Amino acid sequence: MPQDPMDFEWSYWIEWGRERILWLLAGHLLVSQVSRLLMEKYKPWCLMVYGMAACWLLLGLKGFAVILLHAAISFAVAQFQLSLLTWLCSLILLSTLRIPAVEETKRKWYDTENEYYLLLFTVSVRCLFCTSFSLEYCWHAPAQKSSHSFPWMLAYVFYYPTFHNGPLMNFDEFSKQMRRQEAFNVKTNLSVLIVGIIRIFFWWCLAELMIHLMYIHALYSSALPLESASYWALGGLALAQVLFFYVKYLVLYGVPALLLQMDGLKPPALPCCVSLMHSFTKMWRSFDVGLHRFLVRYIYVPMGGSQSSLLGMLFSTALTFAFVSYWHGGQSYLWYWGALNWLGVIVENGIKRILSISLIQDLI
(Lines of atoms letter the chains of each structure in order from A and count residues from 1; the text may use other names and numbers.)
(Lines give C-alpha, C1' and ligand atoms only; values in the text may rest on other atoms or scores of the structure.)
Protein backbone atom coordinates (compact mmCIF):
# COMPACT_ATOMS: atom_id res chain seq x y z
CA MET A 1 0.00 0.00 0.00
CA PRO A 2 1.48 3.43 -0.97
CA GLN A 3 2.32 5.82 1.83
CA ASP A 4 0.91 9.29 2.41
CA PRO A 5 3.52 11.52 0.73
CA MET A 6 2.28 14.81 2.22
CA ASP A 7 4.30 14.80 5.44
CA PHE A 8 7.51 16.32 4.09
CA GLU A 9 9.45 16.17 7.37
CA TRP A 10 9.05 12.43 7.92
CA SER A 11 9.79 11.50 4.29
CA TYR A 12 12.78 13.85 4.19
CA TRP A 13 14.56 12.62 7.32
CA ILE A 14 13.80 8.94 6.67
CA GLU A 15 15.28 9.27 3.17
CA TRP A 16 18.42 11.01 4.47
CA GLY A 17 18.67 8.53 7.33
CA ARG A 18 18.64 5.54 5.01
CA GLU A 19 21.12 7.09 2.61
CA ARG A 20 23.82 8.55 4.87
CA ILE A 21 22.90 9.94 8.28
CA LEU A 22 22.31 6.60 10.04
CA TRP A 23 25.70 5.38 8.80
CA LEU A 24 27.38 8.55 10.06
CA LEU A 25 25.62 8.18 13.42
CA ALA A 26 26.89 4.59 13.60
CA GLY A 27 30.39 5.93 12.93
CA HIS A 28 29.96 8.45 15.75
CA LEU A 29 28.91 5.62 18.07
CA LEU A 30 32.03 3.63 17.18
CA VAL A 31 34.36 6.60 17.71
CA SER A 32 32.62 7.48 20.96
CA GLN A 33 32.84 4.01 22.47
CA VAL A 34 36.48 3.52 21.45
CA SER A 35 37.45 6.92 22.88
CA ARG A 36 35.56 6.21 26.11
CA LEU A 37 37.33 2.88 26.42
CA LEU A 38 40.87 3.98 25.54
CA MET A 39 41.15 7.76 26.05
CA GLU A 40 38.24 9.20 28.02
CA LYS A 41 40.14 12.45 28.60
CA TYR A 42 40.23 13.21 24.86
CA LYS A 43 36.67 12.09 24.06
CA PRO A 44 35.29 15.63 23.39
CA TRP A 45 38.04 16.31 20.86
CA CYS A 46 37.67 12.94 19.12
CA LEU A 47 33.95 13.55 18.75
CA MET A 48 34.59 17.14 17.59
CA VAL A 49 36.92 15.98 14.82
CA TYR A 50 34.46 13.26 13.78
CA GLY A 51 31.55 15.75 13.71
CA MET A 52 33.55 18.17 11.55
CA ALA A 53 34.49 15.37 9.15
CA ALA A 54 30.87 14.18 8.94
CA CYS A 55 29.71 17.75 8.28
CA TRP A 56 32.30 18.15 5.50
CA LEU A 57 31.31 14.81 3.95
CA LEU A 58 27.57 15.53 3.99
CA LEU A 59 27.40 19.29 3.34
CA GLY A 60 30.60 19.75 1.36
CA LEU A 61 33.42 22.20 1.96
CA LYS A 62 31.20 25.27 1.45
CA GLY A 63 28.50 24.05 3.82
CA PHE A 64 31.15 23.23 6.42
CA ALA A 65 32.67 26.70 5.94
CA VAL A 66 29.28 28.39 6.51
CA ILE A 67 28.77 26.64 9.86
CA LEU A 68 32.37 27.31 10.92
CA LEU A 69 31.97 30.98 9.94
CA HIS A 70 28.77 31.28 12.00
CA ALA A 71 30.57 29.81 15.01
CA ALA A 72 33.58 32.10 14.57
CA ILE A 73 31.43 35.24 14.23
CA SER A 74 29.35 34.29 17.28
CA PHE A 75 32.49 33.64 19.33
CA ALA A 76 34.06 36.95 18.26
CA VAL A 77 30.94 38.93 19.21
CA ALA A 78 30.70 37.07 22.56
CA GLN A 79 34.10 38.56 23.51
CA PHE A 80 32.32 41.87 24.21
CA GLN A 81 30.28 40.04 26.91
CA LEU A 82 27.09 41.92 26.05
CA SER A 83 23.97 39.73 25.93
CA LEU A 84 22.06 42.21 23.77
CA LEU A 85 24.89 42.31 21.21
CA THR A 86 25.05 38.51 21.20
CA TRP A 87 21.33 38.27 20.53
CA LEU A 88 21.58 40.88 17.76
CA CYS A 89 24.38 38.87 16.14
CA SER A 90 22.33 35.64 16.40
CA LEU A 91 19.25 37.22 14.82
CA ILE A 92 21.32 38.72 11.98
CA LEU A 93 22.96 35.35 11.26
CA LEU A 94 19.53 33.70 11.34
CA SER A 95 18.13 36.35 8.98
CA THR A 96 20.81 35.58 6.37
CA LEU A 97 19.05 32.24 5.79
CA ARG A 98 16.08 34.16 4.35
CA ILE A 99 17.88 36.57 2.00
CA PRO A 100 16.87 35.51 -1.57
CA ALA A 101 20.30 36.22 -3.09
CA VAL A 102 22.06 34.18 -0.39
CA GLU A 103 19.53 31.36 -0.81
CA GLU A 104 20.15 31.21 -4.57
CA THR A 105 23.91 31.16 -4.06
CA LYS A 106 23.68 28.26 -1.61
CA ARG A 107 21.32 26.34 -3.90
CA LYS A 108 23.98 26.45 -6.64
CA TRP A 109 26.40 24.60 -4.38
CA TYR A 110 24.30 21.43 -4.55
CA ASP A 111 22.81 19.19 -7.22
CA THR A 112 19.44 18.69 -5.48
CA GLU A 113 17.00 20.71 -3.37
CA ASN A 114 17.23 18.08 -0.61
CA GLU A 115 20.94 18.80 -0.15
CA TYR A 116 20.28 22.54 0.08
CA TYR A 117 17.48 21.96 2.62
CA LEU A 118 19.83 19.83 4.72
CA LEU A 119 22.21 22.79 4.93
CA LEU A 120 19.31 25.13 5.74
CA PHE A 121 17.96 22.93 8.54
CA THR A 122 21.42 22.28 9.95
CA VAL A 123 22.43 25.96 10.03
CA SER A 124 19.09 26.88 11.66
CA VAL A 125 19.71 24.42 14.52
CA ARG A 126 23.39 25.43 14.77
CA CYS A 127 22.29 29.06 15.27
CA LEU A 128 20.62 28.02 18.53
CA PHE A 129 23.75 26.17 19.66
CA CYS A 130 25.96 29.19 18.85
CA THR A 131 23.54 31.44 20.76
CA SER A 132 23.59 29.16 23.80
CA PHE A 133 27.39 29.06 23.92
CA SER A 134 27.76 32.83 23.39
CA LEU A 135 25.29 33.76 26.12
CA GLU A 136 26.93 31.35 28.59
CA TYR A 137 30.25 32.99 27.71
CA CYS A 138 28.78 36.42 28.46
CA TRP A 139 27.39 35.31 31.81
CA HIS A 140 30.41 33.47 33.24
CA ALA A 141 33.23 35.04 35.25
CA PRO A 142 36.72 35.49 33.72
CA ALA A 143 38.04 32.63 35.88
CA GLN A 144 35.65 30.24 34.09
CA LYS A 145 36.53 31.36 30.56
CA SER A 146 38.91 28.41 30.05
CA SER A 147 35.88 26.13 29.98
CA HIS A 148 34.32 28.42 27.35
CA SER A 149 37.14 28.42 24.81
CA PHE A 150 36.71 28.30 21.03
CA PRO A 151 37.67 24.58 20.88
CA TRP A 152 34.88 23.84 23.38
CA MET A 153 32.49 25.85 21.20
CA LEU A 154 33.47 23.71 18.19
CA ALA A 155 33.07 20.51 20.24
CA TYR A 156 29.54 21.67 21.12
CA VAL A 157 28.53 23.00 17.70
CA PHE A 158 29.87 19.98 15.76
CA TYR A 159 28.58 17.31 18.16
CA TYR A 160 27.07 15.03 15.54
CA PRO A 161 24.02 13.29 17.15
CA THR A 162 22.27 16.66 17.57
CA PHE A 163 23.81 18.22 14.45
CA HIS A 164 21.03 18.27 11.84
CA ASN A 165 17.75 18.32 13.74
CA GLY A 166 18.42 18.46 17.48
CA PRO A 167 17.28 17.88 20.16
CA LEU A 168 18.66 21.04 21.68
CA MET A 169 21.00 20.80 24.67
CA ASN A 170 22.23 24.00 26.33
CA PHE A 171 25.98 24.48 26.50
CA ASP A 172 26.22 24.53 30.30
CA GLU A 173 24.59 21.08 30.48
CA PHE A 174 26.67 19.72 27.60
CA SER A 175 30.04 20.92 28.92
CA LYS A 176 29.47 19.73 32.51
CA GLN A 177 28.42 16.27 31.38
CA MET A 178 31.08 15.95 28.68
CA ARG A 179 33.82 16.79 31.21
CA ARG A 180 32.54 14.26 33.71
CA GLN A 181 34.58 11.07 33.50
CA GLU A 182 32.71 7.92 34.46
CA ALA A 183 33.59 4.25 34.64
CA PHE A 184 32.98 2.62 31.27
CA ASN A 185 31.04 -0.65 31.28
CA VAL A 186 30.75 -2.40 27.91
CA LYS A 187 27.95 -4.76 29.00
CA THR A 188 25.82 -1.95 30.45
CA ASN A 189 26.26 0.19 27.36
CA LEU A 190 25.47 -2.74 25.08
CA SER A 191 22.23 -3.50 26.94
CA VAL A 192 21.21 0.19 26.80
CA LEU A 193 21.91 0.20 23.05
CA ILE A 194 19.92 -2.97 22.33
CA VAL A 195 16.89 -1.87 24.37
CA GLY A 196 17.03 1.59 22.78
CA ILE A 197 17.18 0.19 19.24
CA ILE A 198 14.19 -2.09 19.92
CA ARG A 199 12.13 0.86 21.24
CA ILE A 200 13.03 3.12 18.32
CA PHE A 201 12.27 0.33 15.82
CA PHE A 202 8.82 -0.11 17.41
CA TRP A 203 8.12 3.64 17.17
CA TRP A 204 9.32 3.70 13.55
CA CYS A 205 7.04 0.76 12.63
CA LEU A 206 4.10 2.51 14.29
CA ALA A 207 4.81 5.76 12.41
CA GLU A 208 5.10 3.86 9.11
CA LEU A 209 1.79 2.09 9.77
CA MET A 210 0.10 5.44 10.45
CA ILE A 211 1.50 7.05 7.32
CA HIS A 212 0.61 4.05 5.13
CA LEU A 213 -2.91 3.46 6.47
CA MET A 214 -4.36 6.72 7.80
CA TYR A 215 -3.56 9.37 5.11
CA ILE A 216 -4.05 12.17 7.63
CA HIS A 217 -1.91 14.71 5.81
CA ALA A 218 -3.39 13.90 2.39
CA LEU A 219 -6.86 14.61 3.81
CA TYR A 220 -5.68 17.93 5.23
CA SER A 221 -4.23 18.98 1.89
CA SER A 222 -7.65 18.92 0.19
CA ALA A 223 -10.51 21.21 1.20
CA LEU A 224 -13.30 18.99 -0.17
CA PRO A 225 -13.15 16.13 2.38
CA LEU A 226 -12.70 18.62 5.23
CA GLU A 227 -15.76 20.63 4.20
CA SER A 228 -17.93 17.51 4.06
CA ALA A 229 -16.67 16.07 7.38
CA SER A 230 -18.59 16.44 10.63
CA TYR A 231 -17.10 18.29 13.61
CA TRP A 232 -16.45 14.97 15.33
CA ALA A 233 -14.55 13.72 12.27
CA LEU A 234 -12.52 16.94 12.13
CA GLY A 235 -11.68 16.55 15.81
CA GLY A 236 -10.58 12.97 15.18
CA LEU A 237 -8.38 14.06 12.27
CA ALA A 238 -6.78 16.76 14.41
CA LEU A 239 -6.06 14.24 17.18
CA ALA A 240 -4.66 11.74 14.67
CA GLN A 241 -2.33 14.40 13.25
CA VAL A 242 -0.87 15.42 16.61
CA LEU A 243 -0.50 11.76 17.61
CA PHE A 244 1.48 11.09 14.43
CA PHE A 245 3.57 14.21 15.16
CA TYR A 246 4.29 12.77 18.62
CA VAL A 247 5.31 9.33 17.30
CA LYS A 248 7.41 10.96 14.57
CA TYR A 249 9.45 12.89 17.12
CA LEU A 250 9.89 9.83 19.30
CA VAL A 251 11.90 8.50 16.35
CA LEU A 252 13.60 11.74 15.23
CA TYR A 253 14.66 12.64 18.80
CA GLY A 254 14.93 9.04 20.04
CA VAL A 255 17.91 8.19 17.83
CA PRO A 256 20.14 11.10 18.95
CA ALA A 257 18.92 10.69 22.56
CA LEU A 258 20.14 7.08 22.52
CA LEU A 259 23.55 8.18 21.22
CA LEU A 260 23.74 10.85 23.91
CA GLN A 261 23.19 8.12 26.50
CA MET A 262 25.90 5.99 24.90
CA ASP A 263 28.27 8.98 25.16
CA GLY A 264 27.60 9.24 28.90
CA LEU A 265 25.34 12.32 28.58
CA LYS A 266 21.81 12.80 29.83
CA PRO A 267 19.58 13.76 26.87
CA PRO A 268 16.52 15.99 27.19
CA ALA A 269 13.42 13.93 27.95
CA LEU A 270 11.60 12.60 24.89
CA PRO A 271 8.22 14.16 23.99
CA CYS A 272 5.37 13.45 26.36
CA CYS A 273 2.31 11.79 24.80
CA VAL A 274 -0.06 14.49 23.56
CA SER A 275 -3.07 12.47 24.74
CA LEU A 276 -1.93 13.11 28.32
CA MET A 277 -1.75 16.88 27.86
CA HIS A 278 -4.61 19.25 28.56
CA SER A 279 -2.88 22.63 28.49
CA PHE A 280 -0.70 24.82 26.27
CA THR A 281 1.77 25.26 29.12
CA LYS A 282 2.31 21.53 29.60
CA MET A 283 2.65 21.05 25.84
CA TRP A 284 5.49 23.56 25.66
CA ARG A 285 7.20 22.18 28.76
CA SER A 286 6.91 18.51 27.90
CA PHE A 287 7.01 18.08 24.12
CA ASP A 288 10.34 19.60 23.03
CA VAL A 289 12.09 19.77 26.40
CA GLY A 290 15.41 20.97 24.98
CA LEU A 291 13.83 23.90 23.14
CA HIS A 292 11.76 24.79 26.21
CA ARG A 293 14.88 24.93 28.40
CA PHE A 294 16.60 27.14 25.81
CA LEU A 295 13.66 29.57 25.64
CA VAL A 296 13.27 29.78 29.42
CA ARG A 297 16.99 30.20 30.17
CA TYR A 298 17.90 32.65 27.42
CA ILE A 299 14.71 34.63 26.71
CA TYR A 300 11.90 34.23 29.25
CA VAL A 301 13.88 34.54 32.52
CA PRO A 302 16.29 37.31 31.35
CA MET A 303 13.28 39.37 30.22
CA GLY A 304 11.65 39.10 33.65
CA GLY A 305 9.46 36.04 33.30
CA SER A 306 6.97 35.19 36.01
CA GLN A 307 8.90 37.24 38.60
CA SER A 308 8.10 40.54 36.85
CA SER A 309 4.86 42.51 36.75
CA LEU A 310 1.84 41.34 34.76
CA LEU A 311 2.83 43.47 31.77
CA GLY A 312 6.42 42.25 32.08
CA MET A 313 5.28 38.64 32.08
CA LEU A 314 3.05 39.26 29.04
CA PHE A 315 5.96 40.90 27.20
CA SER A 316 8.53 38.20 28.03
CA THR A 317 6.08 35.47 26.97
CA ALA A 318 5.26 37.32 23.74
CA LEU A 319 8.96 37.76 22.97
CA THR A 320 9.55 34.04 23.53
CA PHE A 321 6.82 33.01 21.09
CA ALA A 322 7.92 35.67 18.61
CA PHE A 323 11.41 34.15 18.54
CA VAL A 324 10.00 30.62 18.11
CA SER A 325 7.88 31.79 15.15
CA TYR A 326 10.81 33.62 13.56
CA TRP A 327 13.23 30.72 14.07
CA HIS A 328 10.81 28.27 12.44
CA GLY A 329 10.74 30.39 9.29
CA GLY A 330 8.80 33.57 10.01
CA GLN A 331 5.97 32.85 7.53
CA SER A 332 2.61 34.48 8.25
CA TYR A 333 0.96 31.23 9.40
CA LEU A 334 3.76 30.76 11.94
CA TRP A 335 3.07 34.20 13.43
CA TYR A 336 -0.62 33.23 13.77
CA TRP A 337 0.42 29.92 15.35
CA GLY A 338 2.74 31.69 17.79
CA ALA A 339 0.09 34.28 18.67
CA LEU A 340 -2.54 31.61 19.37
CA ASN A 341 -0.10 29.66 21.56
CA TRP A 342 0.80 32.86 23.41
CA LEU A 343 -2.89 33.58 23.94
CA GLY A 344 -3.48 30.04 25.22
CA VAL A 345 -0.62 30.28 27.74
CA ILE A 346 -1.76 33.73 28.91
CA VAL A 347 -5.37 32.60 29.40
CA GLU A 348 -4.23 29.53 31.37
CA ASN A 349 -1.92 31.55 33.61
CA GLY A 350 -4.64 34.16 34.12
CA ILE A 351 -7.15 31.53 35.21
CA LYS A 352 -4.56 29.97 37.56
CA ARG A 353 -3.96 33.36 39.19
CA ILE A 354 -7.71 33.90 39.64
CA LEU A 355 -8.15 30.42 41.12
CA SER A 356 -5.27 31.03 43.54
CA ILE A 357 -7.22 33.87 45.24
CA SER A 358 -8.31 32.65 48.67
CA LEU A 359 -11.91 33.87 48.20
CA ILE A 360 -12.26 31.89 44.96
CA GLN A 361 -10.73 28.82 46.63
CA ASP A 362 -13.23 29.08 49.45
CA LEU A 363 -16.09 29.27 46.94
CA ILE A 364 -14.77 26.20 45.14
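Note that Cβ sites are derived from N, Cα and C of the backbone, with glycine treated the same way.
Computed from a predicted structure; not experimentally measured.
Annotation comment: TrEMBL describes 20-38, 45-69, 75-95, 116-135, 150-169, 190-211, 231-252, 310-328 as transmembrane segment.
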Proximity verdict for the transmembrane segment (20-38) and the transmembrane segment (150-169), three or more C-beta pairs under 8 Å:
yes
Most CB pairs under 8 Å with the transmembrane segment (150-169): which of 45-69, 75-95, 190-211, 310-328?
45-69
Taking residues 6+ outside the transmembrane segment (231-252), which of them lie with a CB under 8 Å of any CB in it?
7, 9-10, 13, 165, 200, 203-204, 206-207, 210-211, 214, 216-217, 219-220, 270-271, 273-275, 287-288
